[in-house]
Amino acid sequence: MSQEKYIMAIDQGTTSSRAIIFNKKGEKVSSSQKEFTQIFPQAGWVEHNANEIWNSVQSVIAGAFIESGVKPNQIEAIGITNQRETTVVWDKKTGLPIYNAIVWQSRQTAPLAEQLKSQGYVEKFHEKTGLIIDAYFSATKVRWILDHVEGAQERAEKGELLFGTIDTWLVWKLTDGAAHVTDYSNAARTMLYNIKELKWDDEILEILNIPKAILPEVRSNSEIYGKTAPFHFYGGEVPISGMAGDQQAALFGQLAFEPGMVKNTYGTGSFIIMNTGEEMQLSENNLLTTIGYGINGKVYYALEGSIFIAGSAIQWLRDGLRMVENSPESEKYARDSHNNDEVYVVPAFTGLGAPYWNQNARGSVFGLTRGTSKEDFIKATLQSIAYQVRDIIDTMQVDTQTAIQVLKVDGGAAMNNFLMQFQADILGIDIARAKNLETTALGAAFLAGLSVGYWKDLDELKLLNETGELFEPSMNESRKEQLYKGWKKAVKATQVFAEVDD
């Protein structure tokens with residue numbers, strides 16, 4: 001094989017780790033994937049073993065090399081993208097985590113989030129971080145670990161512990177402890193970072209009593225953070241030079257560089273992000289304001305709507321209810337359903353995300369009759385994903401006073417043609433599916449490649465763009481609104497059921 005150069009992207013997700021090697025055309029040369037254990041210590045809690053995540057990353061790096069025959073010295077740079085908010089605290093000396101990683105989905109810190117709300121901090125946190133106070137973000141997770149591991153607070157104050165989201169943990173491991181860094185997009189999801197002033201917020205750190213010594217340095221999304229320790233990369237000292245949280249990486253991978261462009265990634269959850277340009281814009285309707293990416297000395301902001309359960313609702317049909325053998329089968333069943341659409345599934349298994357932010361809500365089903373079939377139930381579950389996306393797109397249009405013309409989509413569930421057509425119908429706009437669904441990994445690769453000159457600039461990246469399939473709306477207006485009205489009723493009833501008893 002010639003000494004062609006490549007970029008490797010490490011995509012560390014919620015249920016698996018992947019390594020993908022890309023060539024100059026942005027094409028996938030090889031990939032490797034490994035699932036790891038989901039730990040559920042109590043109802044609503046979700047944890048990961050951070051060492052197992054690291055082992056899975058080492059495994060997929062090897063797998064990507066083996067599959068392609070590419071050698072480590074042919075990798076020009078590494079880009080990292082990761083499940084956001086998931087929190088690791090580890091011992092600086094030994095490199096060992098002091099507790100499991102608390103995952104973004106986990107609700108174990110919900111009481112702490114409620115406490116902060118009741119103390120009147122909602123507005124302050126929103127103005128500084130762009131976020132809603134919720135157990136979803138890293139801040140309460142860090143506080144929980146420092147509270148529940150004996151001696152942790154004292155050790156943190158002495159500078160013996162380090163905190164990081166998964167990007168930080170992986171860079172620290174790959175560089176053998178030489179770099180303790182994060183990037184704008186991941187820092188913006190901690191609820192500890194002031195996205196206006198671009199620094200860790202001293203006042204919030206004080207409120208939560210989190211020592212500054214444990215925090216990583218915040219850097220741009222495209223620069224060299226460090227090099228791989230040779231023994232972690234088969235003898236290669238390769239620059240790690242691009243980093244972004246998974247949803248922001250997908251925004252970049254979808255080449256959504258212009259303000260007003262919107263993408264949705266249908267993964268475990270579903271995340272809709274709109275590029276709002278260089279002006280920070282706070283949502284008045286419960287969307288998150290976050291950092292899209294920072295590159296070439298400029299920071300681009302974004303509005304985001306987070307849906308906690310999307311693809312994982314299909315996994316639930318497969319693993320929990322055993323209604324389907326595999327995820328793609330859900331499309332076949334949905335097409336076989338009676339065409340009445342009167343069943344509504346509200347998959348609030350871990351609460352409701354944007355724009356409701358109800359952490360007490362739980363999953364519910366409405367409209368069942370004696371005639372309801374398995375096919376109807378599966379279809380309603382798929383439709384629930386599309387309804388939740390509409391909740392957010394409608395809110396975004398109100399917040400920005402922008403009419404969204406097209407939604408760029410990617411992620412595993414975007415392969416479901418039934419879901420994509422229903423999404424176009426219920427939104428009444430075109431859905432443009434990326435030809436290369438690896439947009440998250442591709443975004444990380446683009447960020448890494450730009451900083452080492454593998455790709456010259458954003459204009460060169462735009463030339464690599466190939467659109468996949470376009471789904472156009474075909475449902476009439478009154479039917480569309482009637483269906484959506486039913487969904488709103490179902491969500492309202494779900495929230496009533498979740499009300500805390502006196």
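From the backbone N, Cα and C atoms, a Cβ is placed for every residue, glycine too.
The sn-glycerol 3-phosphate binding site annotation in Swiss-Prot covers Thr14, Arg84, Glu85, Tyr136, Asp246, and the record cites sequence analysis as its basis. Taken from Swiss-Prot, the feature ADP binding site covers Thr14, Arg18, Thr268, Gly311, Gly412, Asn416. The ATP binding site annotation in Swiss-Prot covers Thr14, Thr15, Ser16, Thr268, Gly311, Gln315, Gly412, and the record cites sequence analysis as its basis. Taken from Swiss-Prot, the feature glycerol binding site covers Arg84, Glu85, Tyr136, Asp246, Gln247, and the record attributes it to sequence analysis. Positions annotated as phosphohistidine by Swiss-Prot, on the basis of sequence analysis: His232.
Positions of the features from Swiss-Prot, shown on the structure.
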{"residue": "Thr14", "record": "sn-glycerol 3-phosphate binding site", "contacts (Cβ under 8 Å, 6+ apart)": "Gln83, Thr86, Val103, Trp104, Gln105, Gly267, Thr268"}
{"residue": "Ser16", "record": "ATP binding site", "contacts (Cβ under 8 Å, 6+ apart)": "Gln33, Lys34, Glu35, Phe36, Ser56"}
{"residue": "Glu85", "record": "sn-glycerol 3-phosphate binding site", "contacts (Cβ under 8 Å, 6+ apart)": "Trp104, Tyr136, Phe137, Ser138, Lys141, Thr165, Arg189, Thr190"}
{"residue": "His232", "record": "phosphohistidine", "contacts (Cβ under 8 Å, 6+ apart)": "Gln58, Lys173, Leu174, Asp176"}
{"residue": "Asp246", "record": "sn-glycerol 3-phosphate binding site", "contacts (Cβ under 8 Å, 6+ apart)": "Asp11, Gly13, Thr81, Asn82, Gln83, Arg84, Thr265, Gly267, Phe271, Thr440"}
{"residue": "Gln247", "record": "glycerol binding site", "contacts (Cβ under 8 Å, 6+ apart)": "Arg84, Thr265, Phe271, Ile273, Glu304, Thr440"}
{"residue": "Gln315", "record": "ATP binding site", "contacts (Cβ under 8 Å, 6+ apart)": "Thr268, Ser327"}
{"residue": "Gly412", "record": "ADP binding site", "contacts (Cβ under 8 Å, 6+ apart)": "Tyr266, Gly267, Gly311, Ser327, Leu437"}
{"residue": "Asn416", "record": "ADP binding site", "contacts (Cβ under 8 Å, 6+ apart)": "Ile314, Ser327, Pro328, Ser330, Glu331, Leu382"}
Which three-state DSSP class does the residue listed as 'phosphohistidine' fall into?
helix
For Gln315 (ATP binding site), what is the secondary structure by DSSP, using just helix, strand and coil?
helix
Other than Arg84, Glu85, Tyr136, Asp246, Gln247, the chain contributes near glycerol (Cβ within 8 Å of their centroid) the residues Gln83, Thr86, Trp104, Arg189, Gly245, Phe271, Ser306
Span of the glycerol site, taken as the largest CA to CA distance across Arg84, Glu85, Tyr136, Asp246, Gln247 (Å, rounded to a whole number):
15
Can you name every residue in this chain, apart from Thr14, Thr15, Ser16, Thr268, Gly311, Gln315, Gly412, with its Cβ inside 8 Å of the center of the Cβ atoms of the recorded ATP site?
Gly13, Gly267, Ser312
For the binding-site residues Arg18, Arg84, which one has its C-beta crowded by the most other C-beta atoms within 10 angstroms?
Arg84
Using a Cβ cut-off under 8 Å and a sequence separation of 6 or more, which residues in the same chain sit near Thr15 (ATP binding site)?
Glu35, Phe36, Gln38, Thr268
Can you tell me how many other Cβ atoms are located within 10 Å of the Cβ belonging to Thr268 (ADP binding site)?
23
The record names Thr14, Arg84, Glu85, Tyr136, Asp246 as the residues that bind sn-glycerol 3-phosphate; what is their largest Cα to Cα distance in Å?
15
Kindly assign Asp246 (sn-glycerol 3-phosphate binding site) to one of the three DSSP-derived states: helix, strand or coil.
helix
